[in-house]
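So the structure is just underneath, and the comments pick up after that.
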Amino acid sequence: MKRIFFLDGSGPPFGHMLLALGGYLGGFDGNFLWNRIGAEYSSNVPVWSLRLLPALTGALLVPMAYQILLELGFSHCAATGAALLMLIENALITQSRLMLLESVLIFFNLLAVLSYLKFSNSQKQRPFSLSWWFWLTLTGVACSCAVGVKYVGVCTYLLVLTVAGVHAWHLIGDRTLSHVRVLCHLLARAAALLVIPALMYLLFFYVHLILVYRSGPHDQIMSSAFQASLEGGLARITQGQPLEVAYGSQVTLKNVFGKPVPCWLHSHQSTYPMIYENGRGSSHQQQVTCYPFKDVNNWWIVKDPGRHQLVVSNPPRPVRHGDVVQLVHGMTTRFLNTPRVRRPAPGTASTSLRPALPSVAEWRCPHSVDCRPSDPTSCGLFPRGVVIGRVRNSLHWTVWFSRHDVAAPLSPHSQEVSCYVDYNISMPSQNLWRLDIVNRESDTEVWKTILSEVRLVHVNTSAVLKLSGAHLPDWGFRQLEVVGEKLSRGYHESMVWNVEEHRYGKSQEQKERELELHSPAQMDVSRNLSFMARFLELQWRMLTVRSDDSEHKYSSSPLDWVTLDTSIAYWLHPRTSAQIHLLGNAVIWASAGLATLVYALLFLWYLLRRRRGIRDLPEDSWLRWALAGALCAGGWAVNYVPFFMMEKTLFLYHYLPALAFQILLLPAVLEHLGDRLCRSPLLRSLFSGLVVAWYSCACHVFNTLRPLTYGDKSLSPSELKALRWKDSWDILIRKY
C-alpha cells in the first residue's frame, strides 16, 4: 500500500497483491504498523475489505468440493458429504476469516483440479469446443495463481501436470486419432498448462515491481543494481555516477553474496596482531575487512600498475576484463595485498619473521633460553615454512623464509589479505590483481558501475578475493574476514564483487583526495536494470532467503499435524476470555487420516489382484477409483510430505492445503466401502446409519469448538479447561 519494496520468503507476491487490492478498494492508505499480533486496528484500517477475499475463497471451497466429487464420477450423496465436511471444518473456517493466504491457496488448488476434471470430461464429448478451451485455459490460470500465492502451490501444479501427462500419453496411443489431431491436442495442452502459467507468473512480478518501486528495509539483501532501480535509498546515491570504471576511479566494492550481512571491502589504520591467540604469526600488515556500513574507509582507487597517477586521465581509460590493476586504499594510500614471502638468496639471512615483524636486533624469545633452534614450532612464534637459527648463542634469532602463504586469521586454509605496510625491510609487496568480469558478454567487456560482477584474482598466487563471512575478534572490531581463496577450490558468490559508488578521481594530493572522498558521489550517467534481470534476481533471493529459524511458541512438526497435537492462539480479547484458536475438527482429521490409509491399502490390494488377472472392479470404475486417488490422495501427499524436507519454522496452518484434499477423499472412500461391502438392504441401512452417526459427531465437535473458532463468546475457566482435550493445546485461561 505504501509502494515500498518487500521480500517474502514464503512465496511470490500475487496473494499479497490481492489482499492489497481489497485494502485499496476499502480506502486503506497503508498507515498502520503490523508489528504486534493482537494489536487493535486504528479507524483507518478497513478490516472488512481486507478480510473479504480470504472469506470469499474460503466459502467457495464448499461448492467446489461438491463439484469435484461429481466430476470424479461419485454420487450426489458423496459430493454433498464432501461439501458439508468442508463447511464444518473449524480450522478452515478460522483461517478464512482472517487476513491470511491459506484459504486463497486452497481455493486455487481446488480450482485447478476442478477445471482439469471439467476439461477431461469435455475431452470425451466435445474436444476443441468452447467449453473445452475454457476449462483447459482455466486450469493453467488456476495453477499459476496457486504458485503465485505461495511456492507450495507448485506441488499441486506438478500433480495436475503429471495427471495431464498420463492422459496425454494414452491419447498418443489412441489409433482412432490422426497424427495431426494428436499434435493439436499436445500443443493445446502445452500452451495452456506450460506457456500460460509461465506468462502469468511473469505478469505477477511485473505488476509487483511496478507497484513496489520505493526503497525499503528489505532491499538491503538485493544487489546494488537492484537497489539502484528503486526510488530513494541507493538510487539517491548512485544516480548520475560514471558508468565505466577507469584507471584513477574511486570506487566502493560490495560483496555480491551479502551473507551474513551486506558489506563493503574496507580497510583502516589498524594492523593484524603480530601473534594470534593460537600462536600463529601474521603479516602484521594493515587489516582488510568487509564492513556492513557506509564509511569513508570503504573507498578504493583503481590504479594502473605502470603509472603513478591516482587520477582519471582525459579522456578516461576504461578498465576491461583481464586487465591487471592495483587497488589503493583511498584514506591510507596503501595497496591491497595478499602476502606471500619468499626465500632469500643462499647464504643470506632475513631479519624478520614476516615482512612486518621487527628486525633481528629487536627480537627475543619470550619463552626461555633453552628453546632449541632445531624445533622452531616449540617457540610458538614461527609458523610452518620458517627456518630459525640462533645468532652467537644469544637470545637473538635469525630467520630464513621458505616460500609459503600467510594464512588468514580465521581461515587458515586461505591467504591473508592486507594493505601493504613498508617496514623498510626490503620485502616487496604483491599487489597486482587481475580483473575477471563473470557476467560479461564478450572478452573485451568494460568494467561497469553496479552492473558488472567481478572477481579480483591475485596475479602472484592466483588467489581470489573472497568474503569468508567469519567475524573477526575484538582486534578486528568484529568486522567480517576477507581472505584470498585458491581458484581450484571452486566458484562461489562470495568471491564476486561489484562497484556500488563510483566517481572519477581528480586530486593527486592526499589531503585534497581525502576531502574528495568525504564528498557525495554525483556524476553524469544513469542506468536502469531490465525487468528480466530484476525478476531473476528476485526469484533467487526469494528461494534462498533464510528467515529467523528460532523456535516459535506455536511452531510444530509435520508429525504433530496429522494427529492434531498442536494449536495456535490467534487472538485473545483484551478484557474477557473470548479467544480465537486454530484448532481442527478432531473427528474429521482422524477420519480423513484413516480414509487415506484405507484407500492406500485397497488400491494396493486391487493392483495386486489385477496383476494376477482378477478384475474386482469394472474398467471404468477402476479408472475412476485410480483418478480419485491420484488427485485426492496424491494431493494430500504432495502438499504434506515436502514439509519434512524443509528447514524452516513450520506451523499447523501449513497442513491445511493437504487436509482439503483428504476431506475430498473421505466421502469417496465411504461410498466405495458402502458399494463393495453392503450387498443386502439391511447392511446398507446399517452402514448409512453409522455414517449419519459419524457425521453427527463431527457436527457436535464443530459446535463445541465454535467459541474458539469465531471468538464471539466469553468462556469461564472451567469451560476453557473442558475444551483442552489435549495437553498440547494451548488454551489461554486469563488469571484475574
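Every residue gets a Cβ built from N, Cα and C, even glycine.
All TrEMBL annotations are machine predictions without curation.
Range with TrEMBL annotation transmembrane segment, chosen from 131-149, 150-168, is 131-149.
Here the transmembrane segment (192-213) lies next to the transmembrane segment (14-34) in space: the count of CB pairs under 8 Å, restricted to residues six or more apart, reaches at least 3.
Sequence-distant residue pairs (6 or more apart) of the transmembrane segment (650-670) and the transmembrane segment (100-119) include at least 3 whose Cβ atoms are under 8 Å, placing the two stretches in contact.
Note: the stretches the transmembrane segment (46-66) and the transmembrane segment (131-149) are not in contact (fewer than 3 CB pairs below 8 A, sequence gap of 6 or more). Counting residue by residue with DSSP, the domain 'MIR' (442-502) contains 9 helix, 29 strand, 23 coil. Counting Cβ pairs closer than 8 Å and at least 6 residues apart in sequence, the transmembrane segment (131-149) and the transmembrane segment (14-34) reach three or more and so form a contact.
Relative to the transmembrane segment (14-34), the listed stretch 100-119 leads the set 72-93, 100-119, 582-607, 682-705 in CB pairs under 8 A. For the transmembrane segment (72-93), the partner stretch with the highest count of Cβ pairs under 8 angstroms, out of 100-119, 582-607, 622-643, is 582-607. Residue counts of the domain 'MIR' (242-305) by helix, strand and coil are 3 helix, 30 strand, 31 coil (DSSP-based).
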